[in-house]
Amino acid sequence: MKVAVIGTGYVGLTTAVSLAVKGHQVLGIDVVKHKIDRLMQGQSPIYEPGLDQVLKQVLEQENIFFTTRLHEAKEAQVIFVCVGTPEAANGEADLTYLHAALQEIEELHSQAPVERVVVIKSTVPVGTGDHAASRLCHCADLHVVSNPEFLREGCALEDALQPSRIVVGADSQKAMNIMKEMYKGISAPWVETTRANAELIKYASNAFLATRISFMNELARLSSEIGTDVSTISQGMGLDSRIGPQFLRAGVGYGGSCFPKDTIALLNLAKRHGVNLSILEKVREVNATQPLWFLEQLHKQMPDLYGKRIALLGLAFKPDTDDIREAPSLTILDALQRSGALIVAYDPVASNHVKELFPDAEYTSTPEAVFQGAHAALLVTEWKECVELDWAKIMEMMEVPLLFDGRNAWPARALEEAGFFYKGVGRS
Ligand SMILES: NC(=O)c1ccc[n+]([C@@H]2O[C@H](COP(=O)([O-])OP(=O)(O)OC[C@H]3O[C@@H](n4cnc5c(N)ncnc54)[C@H](O)[C@@H]3O)[C@@H](O)[C@H]2O)c1
């Protein structure tokens, strides 16, 4: 099928490439010209494992092209909208980019009125799809579908090709059939519903995952007081098939481009309808304080951080991505700088993004180098190279061997036996 994808960020680019892999003719569109130039050369503007290689392959097969102009997509039967929906100043989702994309689609359709489906893949508040459908209702043969995305950065391509589920909200069988045809080569449980249900499934899923994380982070705080081990607690809980092991790891709090903005958007949506989602309020509160709670553990050992050299390992909001949106590392960096600490940080791919926000910190090109002369080291993102380290060498490099493991990923017992002071998140 001929498919256009508006927005070539984490979601749009992955969607475009995976559909091209499945043999569709895909046109990726973005307003940022240098992204398009890079993409046409087979270089992904975002870091996503495996994406560059598959991108080059589909470009060679001529299954994918990129442009800044939607009107080159006159023949597109399906147009995906994958633009950002960031948090607006009032906490609601900012739909400016979405409305701009819909406007362009309206113009395209008036020039080339073929039967087509507009698929809203961006995460949008309940009612947005219905609103878009009424806005575009004068466009004959144009269907609006809600098809939220559930991919995880770091394994986005894999998730797009083998999704946990495909949720499609539509109000016509014709649109549903076109969507089925488009996803024919991808096998996954299929949820057929209304646009509003599809939109809420997305927000509810993210809110629930965020809830699990904050729940474990509070249990970690309790564990820390009573001498239990939250890693073991989560292992024991996760073996219950009614609970499952995912998203039960305590840490420095969730971040990223989705959970923070989607939880606040859902709260605001509920508020507008007179409903108080009190559990979710608490989830956000725990998350906002979790990086600070983590830093308190450092302060307990080192009350005065002024002039102290503090090593940070990992800056991206999670491993295998360069995304630093709402990353806990930013809160930690900010608080440490305010305390007068000298920060030396390492991340395999995200340092350049963080450097723009914190130019005064020092950034190293290897994980080991951060330990040189450090008075304490903090694991913030559990990249493999930040976890698998030569601890004997590090013991020699550190000024003071204090380790704070924000992801419970370092080998606690071995480190203590080797003479380090080790403090995890709720780990005995
Ligand atoms: N990143 C994730 O892990 C993820 C997962 C599931 C859902 N989502 C949702 O998907 C949406 C996109 O997220 P993302 O992380 O890919 O965002 P992103 O910021 O990485 O990408 C958005 C892209 O859209 C482009 N754009 C904006 N307006 C445009 C227009 N009018 N025409 C063409 N291009 C335009 C931007 O230049 C940018 O490249 C959001 O609603 C997000 O909540 C994200």
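Any Cβ shown, glycine's included, is placed from N, Cα and C.
TrEMBL names ASP30, LYS35, THR123, GLU153, LYS261, ARG325 as NAD(+) ligands; from the candidate set THR85, THR228, THR232, the record adds THR85 to that same site. For the substrate site, TrEMBL lists PHE150, LEU151, ARG152, GLU153, LYS202, PHE247, LEU248, ARG249, ALA250, GLY251, GLY255; matching the candidates LYS300, LYS308, LYS318 against that entry yields LYS318. When the alpha carbons of GLU153 (NAD(+) binding site) and ALA250 (substrate binding site) are compared, the span between them is 19 angstrom.
In this structure, the binding-site residues that sit close to ligand 1, with a C-beta under 6 angstroms from any of its atoms, are GLU153, chosen from GLU153, ALA250, LYS261. Binding of NAD(+) is attributed in the record to ASP30, LYS35, THR85, THR123, GLU153, LYS261, ARG325, and the widest Cα separation among these residues amounts to 24 Å. Note on GLY255 (substrate binding site): other Cβ atoms within 10 Å of its Cβ, all shown chains, come to 24. Only ARG325, from the binding-site residues ASP30, ALA250, ARG325, place their Cα within 10 Å of the Cα belonging to CYS258 (active site, nucleophile). When each of the binding-site residues ASP30, GLU153 is scored by how many other Cβ atoms sit within 10 Å of its Cβ, ASP30 comes out lowest.
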